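*Asks:* Have a look at this one before I ask anything.
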Amino acid sequence: MSKKNSYDYVIIGGGSAGSVLGNRLTEDKDKEVLVLEAGRSDYPWDLFIQMPAALMFPSGNRFYDWIYQTEEEPHMGRKVDHARGKVLGGSSSINGMIYQRGNPMDYEGWAEPEGMESWDFAHCLPYFKRLEKTYGATPFDQFRGHHGPIKLKRGPATNPLFKSFFDAGVEAGYHKTKDVNGYRQEGFGPFDSQVHNGRRVSASRAYLHPAMKRKNLTVKTRAFVTKIHFDGNKATGVTFKRNGRYHTVDAGEVILSGGAFNTPQLLQLSGIGDAEFLKSKGIEPRMHLPGVGENFEDHLEVYIQHECKEPVSLQPSLDVKRMPWIGLQWIFARKGAAASNHFEGGAFVRSNNQVAYPNLMFHFLPIAVRYDGQKAPVAHGYQVHVGPMYSNSRGSLKIKSKDPFEKPSIVFNYLSTKEDEQEWVEAIRVARNILAQKAMDPYNGGEISPGPSVQTDEEILDWVRRDGETALHPSCSAKMGPASDPMSVVDPLTMKVHGMENLRVVDASAMPRTTNGNIHAPVLMLAEKAADIIRGKKPLEPQYVDYYKHGVSDENAGAMEFDPYYQH
């Protein structure tokens with residue numbers, strides 16, 4: 001390890017965004033970069049990280065997960081657990097490996113406020129393409145990247161339950177799409193996953209480890225940052241605790257990449273946030289930015305589970321007696337049930353005709369099991385994960401004290417608006433309608449969860465309150481926006497904290513609003529784009545491409561109803 005005490009850039013957090021920055025910023029050989037990760041290393045021999053199907057094991061395990069929990073959610077009457085990666089790669093080392101860009105119209109929404117124009121889809125698309133190596137796309141696909149560090153597997157969704165689910169979508173009046181990250185997101189089809197040759201493709205494995213051979217990159221794990229140092233409003237360095245000792249390093253710039261929980265926490269501890277709130281915690285305000293920790297978004301989801309009449313599901317793979325054989329197949333050949341995350345297909349649909357683009361995402365699984373490993377009591381089963389994708393419920397994060405080791409108070413306010421409740425009722429009814437189509441008849445052995453007793457709107461909402469889980473997509477807690485927006489925290493042109501010098505934010509907290517899918521891909525894109533901004537490089541040229549828009553494009557544009565891909 002380097003013993004230098006001064007760096008051009010100190011990156012707080014070796015997660016998704018921090019891994020991208022650690023790689024891109026060290027492409028400038030004259031810049032010294034230090035990445036500080038509070039968790040441990042993502043060892044290549046660690047099966048719970050590297051084996052795709054082991055994704056359920058790290059959550060709730062203190063060796064992999066910081067194990068956050070919300071306060072009692074006021075509209076659910078209970079606390080909600082939140083897993084956050086406690087290893088190099090952050091949550092990309094323990095997540096579900098699902099790669100979803102979000103809808104192009106998400107980014108058009110980002111760009112609506114004055115000053116945010118450079119974050120529209122045309123400006124973001126080239127950065128998505130720069131990070132991707134899309135094995136499921138043709139070399140001439142103008143929407144997808146082909147040479148990036150993130151290797152993406154398409155589907156394959158060959159289990160017959162996937163085909164029946166896709167066909168059920170068509171019977172219910174929807175369309176199939178070959179690539180939900182391409183021209184047409186809306187519809188049913190295979191998903192991309194960050195799995196290559198049977199192994200997880202985390203941000204650290206794709207970006208950070210290849211860069212570690214560079215002499216100008218230093219990565220320190222188990223390094224918990226406790227303080228950012230300032231000279232007036234200029235960040236000058238950080239203090240971190242490692243192996244029981246405190247260390248201080250100087251920094252030309254400090255970049256916060258701690259994620260949607262830790263970035264606003266460190267900002268508040270540094271005196272950046274709502275001035276009155278900070279004073280109440282005994283912290284002298286440095287910069288009054290009331291948006292720090294506010295505008296907090298997340299996706300809530302439920303599982304609709306069915307018994308499967310035919311022995312085609314993956315339910316038997318959950319049998320403890322089979323696990324040694326499944327593990328051996330993976331260890332020696334990187335094949336078998338352990339070589340996939342099994343989120344190989346799903347859908348994006350609109351729950352009503354008033355929304356402009358899909359507000360529901362379905363993850364379909366040919367197995368009935370909860371994220372924590374609790375399996376349904378059936379020999380064979382399948383399930384669909386569903387939830388609203390752009391709810392208008394907003395939460396907040398607030399520190400409890402000046403102690404950097406004390407976890408902050410978190411409330412997402414799930415189900416806090418009438419619109420949110422209505423979308424939830426629509427989500428369950430849409431999902432049930434699809435799962436009741438004739439295409440599912442050969443397999444449909446009846447609904448296990450929530451079960452036939454849950455029918456009315458209020459019964460549905462009661463079940464969601466009891467059973468809903470986070471989809472693990474926290475974002476927007478230090479959002480980008482123009483200085484004219486009193487709730488914005490980060491300058492979208494520089495990624496600097498408003499009013500501060502040499503202090504930037506690059507992670508999910510900077511998203512101005514969440515996207516309509518899993519957020520790992522948008523975070524990688526944001527970090528790629530931010531790296532060029534920080535380096536002072538000319539940004540990649542915007543790419544203005546046509547994409548499917550409901551009510552504007554032909555209804556069948558981009559649909560793949562008879563594509564041979566689906567003829568398993």
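Every residue number used here counts from 1 along the chain in the order it is shown.
Backbone N, Cα and C define each Cβ position, glycine as well.
Got these off Swiss-Prot a minute ago, pasting:
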| type | residues | note |
| --- | --- | --- |
| BINDING | 8-37 | FAD binding site |
| ACT_SITE | H473 | active site, proton acceptor |
*Asks:* Spatially, and counting Cα to Cα, which of the binding-site residues is closest to the residue listed as 'active site, proton acceptor'? Options: D8, S16, R24, E32.
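*Replies:* Nearest listed residue in space: S16.
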*Asks:* Could you tell me which of these binding-site residues, D28, E32, has the greatest number of Cβ atoms within 10 Å of its own Cβ?
*Replies:* E32
*Asks:* Of these recorded positions, R24, H473, which scores lowest on Cβ atoms within 10 Å?
*Replies:* R24
*Asks:* Around the C-beta of S16 (FAD binding site), how many further C-beta atoms are within 10 angstroms, looking at every protein chain?
*Replies:* 33
*Asks:* Counting other Cβ atoms within 10 Å of each residue's Cβ, which of the binding-site residues I12, V20, L36 comes out lowest?
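*Replies:* Candidates: the binding-site residues I12, V20, L36. Fewest Cβ atoms within 10 Å: L36.
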*Asks:* Would you mind pulling the DSSP three-state label for V20 (FAD binding site)?
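*Replies:* It is helical.
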*Asks:* Applying a 10 Å Cβ distance cut-off over all chains shown, what neighbour count does D8 (FAD binding site) have?
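*Replies:* The Cβ of D8 (FAD binding site) has 16 Cβ neighbours within 10 Å.
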*Asks:* Based on DSSP, name the secondary structure state of H473 (active site, proton acceptor): helix, strand or coil.
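*Replies:* H473 (active site, proton acceptor) sits in coil per DSSP, no helix or strand.
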*Asks:* Once the DSSP letters are reduced so that anything not helix or strand counts as coil, what is D28 (FAD binding site)?
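*Replies:* SS state of D28 (FAD binding site) = coil.
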